[in-house]
Amino acid sequence: MAKFKFPIPVGEESPFPVENIPFGIFSTPSSSEPRGCTAIGDHVLDLAALERGSLFEGIIDGGKSAFSKPHLNAFAALGESTRSRTRARIAELLTDGSSDLWKNEDLVDAAFHLQADVQMHVPIDVTEFTDFSCFEAHGDNICKLNGISVPDNFYHSPVAYNGRVSSILPPKTDFPRPHGVFKGEDGVPRHQPTRKLDYELEIGMIISKDVPFGHLLRPDEVDDGHIFGFVLINDWSARDVQGYESNPVGPFNSKSFATSVSSWVVVPEALAFARASPLHQKENDVQPYLRHSSLKDTIFDIDTDAYIARAGADKQKVSTSNLKHSYFSLAQMITHRASSGCGLRKCELIGTGTISSPDSEYTGNSVGHAGCLWELSFNATREVPNAGGGFLNDGDTVTFNAWATGKNGRRIGFGDLTATVLPAV
């Protein structure tokens, strides 16, 4: 008798209803080879097992190898049409008790697993990592700490830096406090463990279409075919190192030591109902090459939460913010990324930058609306809401989650992204 019965239960609060169908990479104690999967409720569905069972025949071009690999790059490269047809097939298999999946008890037992029993991996083999800074509220909060205003260039085109692929971490991967050069209390610069370790709450786009070297994009040309999907990102940062090394050419070691990426890739089709417009941008504010014919529906209404569990204490919610409060659209970020003529590669990861929202967009909240501790603690001069303290201590655990809410109240979510700070080595 099969261990798993139709239908797979999905709780009302689950981020993974059948309307979601995210993609990920997992392994199990009994089968250590990483392979493709999706999430439904508290369960994982092994998509490589469905491939072996010929359940994607005629749907996935190129045979039975899209989900048998340790990354989703091959599937991402198949394009929007194949992705949409694959999701529709998975939804059909999950919701039809007479489907070819449920007729085969052995396949059911081989394909379904409890999420609690599996190990998740970085879903893609990231080819490039670019991190933007697109939230006016974030820039305004940081500039106020330094007694200045947001510079004019912020409003003309999105600013970004080139990150490192080598330090992208799988979900639930803890890491040691990093070292860097900054001045101690005696004013002498030394290479030492950071004292101002911070997180940055971001959403990342995974690129699924190459842009050739020398080719330029327009925002209206960027569509769902360019984006495989979205993940949560924690772009860990060492603020004291950042402050010392950034003059004059910007951050380097202060942001290169660790970037955590969430387990599940949520695709644009699952979020179609949540399209929105960026905050505050007017049609002609930006440079001409970045202008949309209309800003309507060029970003998504995605809520994000950040939690901190101080060492030995319970998890506390410290902030809530929203992707739609970005000043720039997603297509403008992609367009600017390619605007030098450098091209784009499949499975690049493009971060939105710290998701901070204006306090004026919220009422009746007891938490902050900034996506990092630098802002929430006013550079460690105030207590972080609910969690107390300032920057991160050894043993502190940071957890992010994000979701879009449909008219029926159903959440399309990303699951948790969590990691704990270990002592410096």
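Cβ atoms are placed via backbone N, Cα and C, with glycine included.
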Which of Asp235, Asp285 does TrEMBL put in the same Mg(2+) site as Lys255, Thr259?
Asp235
Can you tell which of Asp131, Asp301, Asp303 TrEMBL lists as binding Ca(2+) with Glu200, Glu202, Asp235?
Asp131
Residues close to Mg(2+) site centre defined by Asp235, Lys255, Thr259, Cβ within 8 Å
Asp131, Gly163, Ser167, Glu200, Ile233, Asn234, Trp236, Ser237, Ser256, Ala258, Gly351
Thr354 (substrate binding site) versus Asp131 (Ca(2+) binding site) - Cα distance in angstrom:
9
Output field, Ca(2+) shell: CB within 8 Å of site CB centroid, site Asp131, Glu200, Glu202, Asp235 dropped
Leu201, Ile233, Asn234, Ser237, Lys255, Thr259, Gly351, Thr352, Gly353, Thr354
Thr354 (substrate binding site): which of the recorded positions His138, Glu200, Lys255, Thr259 have a C-alpha within 10 angstroms of it?
His138, Glu200
Euclidean distance between Cα atoms of Lys255 (Mg(2+) binding site) and Gln242 (substrate binding site), Å
8
